[in-house]
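First comes the structure, then the notes that go with it.
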């Protein structure tokens, strides 16, 4: 009877725990989804930023024409006159995922536009990311820690920044694939099962198809295997898991057209292959260990490892030298040397996401989890095992990379949420332990302890306290106060995450918002206004020149041909556009004529104080152009005499006469941005411009938006017979005037007449 009651009690507890887990995960999914809809509520269902516009355009093309034609799609509206082969230059996982969801909904007679699927894809996947994080943390620590981690990542600003509604980018689905791949890797390592390793390889294949950050996975998992070997934790489970995963993952990843043979021909993938080979050697050594003497084993191990290691290094450098294996890319070098990209590849350094992360960003995106994260890391180090070595390596490497590049804050956030969940869970378990359970367990062993002497009892109590932890000597009031403080911190995290998501990460870049003194909202829709004008008032084959930041938006919203866009695959072509922007009007006209440019688009924020305009980006245009055309463009020529970058009174003549300056400030000298400001006062820079009377000779103003944010100019077509100016009409005759001889004066002879014979 007692055993039956105990079984029923245990079964009811398991059922209640399962129900609670499902409810918490469902709430985390719902809260994560709802908190990402601020942009939809305030504005409308619209695609955000820059890259998402190309992703949406590519997805729309795939849904209309099919996947096969998508892979063979040649985009003639990009990179004129070169064009772009889309299928072999994109990660198709995002498009395939959206297309599959759209097909399923359409099959169920839920007819929605593909744009709505794209807008709501990232918020939907945030719930899947929370579940994947729960599964990973559960394998690493406990179900309670998993629930904490799932709730953290559901609303963490570090992840929300790339997954709000409308942010249709690769990261929206890639973080789910990242966490799920890590979960399957830990599961396969714990079980040593080929099935889990195969599932891990399939999840990795999805990650490869979705985001270029898959390189982080294919280097972190080998690093984990190498660390286990060095720590003496080699096992057959590790051999089966890694060998199965690496072979399948490499073959599957090569099926993505954009990746191709990179897994076997690039340096970024060679560490994984090296660990694979090392694992075979270690397995062979373990096999031979019980079959030869210890001295023979040490000789074979040390000698064989040294020879094979040296041979591997020689073979690698020979393959790189011979061109069979590509060296490390510039982006890889920029992770180890933050100044490398600025000197050698300015196009990489010009991207704001590639800048180093400030200290404020860590606390802004992570809040209290950044402070608790080291606690969870310490708990994992204190109670280390095979799988916890993985999260330790993940955390340390992610912290470093996030400090080097602000974009990689996205890869740090999952690790922080996992370790913060472990930290909070373990702390709450310590300070909220059931007192009745402790008293019951102590009373069962109390009868034998009462018979012992006081000094013996004191020693036993001391040893028990040492085993249970320091919290045993803490009173219930102190435990209650600490628990309340932790709950307050968690509530503060929720408030902070909601505030940051609402005010910092839920504003589409194509729609700007400001407020008046009395709090009324002002919506500035200049971007879409300009793109709509281009779509309605220019020829279908018109070519638009702009800086590469706006290429995807022009192609997506205006449906016009661009010279460069956000793909940035051709540095020399971008440098040519930068040279045109940096040159004087006549030199720029020659470049634009060669490129068949019809319209030029620039972003100017001097009227409304928009800091992300082209004048503030102009130095990057100069640097990129200088890299390809050092004889024509020199960065120092655009500085003042004191070495400052300015468009004000002290600006250099080169700066005042360049095409970018003229297009930005044309007619601006006549404009007053405030009652107490002089004409030509630039709100963004905070001073009056250096040259107000700007005239244009080779281009003409075509359209300027309401708030002067977007300005469009048209390249003039020069006439075949140029008009001669009046002051140049008199042609001077050089040479001496004849004053002597029979040729002194001219003689007019009568015209010859024809007579009939």
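Residue positions begin at 1 at the first shown residue.
Here the Cβ of each residue, glycine as well, is placed from N, Cα and C on the backbone.
Remember, it's a predicted structure, so these values are computed and weren't measured experimentally.
Features as listed in Swiss-Prot:
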type	residues	note
BINDING	407, 552	dolichyl diphosphooligosaccharide binding site
TOPO_DOM	1-13	topological domain 'Cytoplasmic'
TOPO_DOM	35-121	topological domain 'Lumenal'
TOPO_DOM	161-171	topological domain 'Lumenal'
TOPO_DOM	262-269	topological domain 'Lumenal'
TOPO_DOM	290-299	topological domain 'Cytoplasmic'
TOPO_DOM	321-358	topological domain 'Lumenal'
TOPO_DOM	382-387	topological domain 'Cytoplasmic'
TOPO_DOM	405-408	topological domain 'Lumenal'
TOPO_DOM	431-469	topological domain 'Cytoplasmic'
TOPO_DOM	496-757	topological domain 'Lumenal'
TRANSMEM	122-140	transmembrane segment
TRANSMEM	143-160	transmembrane segment
TRANSMEM	172-191	transmembrane segment
TRANSMEM	194-208	transmembrane segment
TRANSMEM	211-235	transmembrane segment
TRANSMEM	236-261	transmembrane segment
TRANSMEM	270-289	transmembrane segment
TRANSMEM	300-320	transmembrane segment
TRANSMEM	359-381	transmembrane segment
TRANSMEM	388-404	transmembrane segment
TRANSMEM	409-430	transmembrane segment
TRANSMEM	470-495	transmembrane segment
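Against the transmembrane segment (236-261), stretch 172-191 has more CB pairs under 8 A than any other of 172-191, 300-320, 470-495. Cβ neighbours of residue 407 (dolichyl diphosphooligosaccharide binding site) (same chain, under 8 Å, six or more residues apart in sequence): 353, 354. Long-range Cβ contacts of the topological domain 'Lumenal' (405-408) within its own chain (Cβ-Cβ under 8 Å, at least 6 residues beyond either end) map to 334-335, 352-358, 361, 398. Most Cβ pairs under 8 A with the transmembrane segment (143-160) among the ranges 211-235, 270-289, 388-404, 409-430, 470-495 are made by 409-430. Taking every listed stretch (172-191, 359-381, 409-430) in turn, the largest tally of C-beta pairs under 8 A with the transmembrane segment (211-235) is reached by 172-191. Tallying C-beta pairs under 8 angstroms between the transmembrane segment (409-430) and each of 172-191, 270-289, 359-381 places 359-381 first.
If you take every residue in the topological domain 'Cytoplasmic' (382-387) and average the pLDDT, you get 94. Counting residues per DSSP class in helix, strand and coil order gives 1 helix, 0 strand, 10 coil for the topological domain 'Lumenal' (161-171). The Cβ of residue 552 (dolichyl diphosphooligosaccharide binding site) lies under 8 Å from the Cβ of 50, 51, 53, 54, 57, 565, 566, each of these being in the same chain and 6 or more residues away along the sequence. Taken residue by residue, the topological domain 'Cytoplasmic' (290-299) breaks down under DSSP into 6 helix, 0 strand, 4 coil. Counting only same-chain residues 6+ beyond the ends of the topological domain 'Cytoplasmic' (290-299), none has a CB under 8 A from a CB of the stretch.
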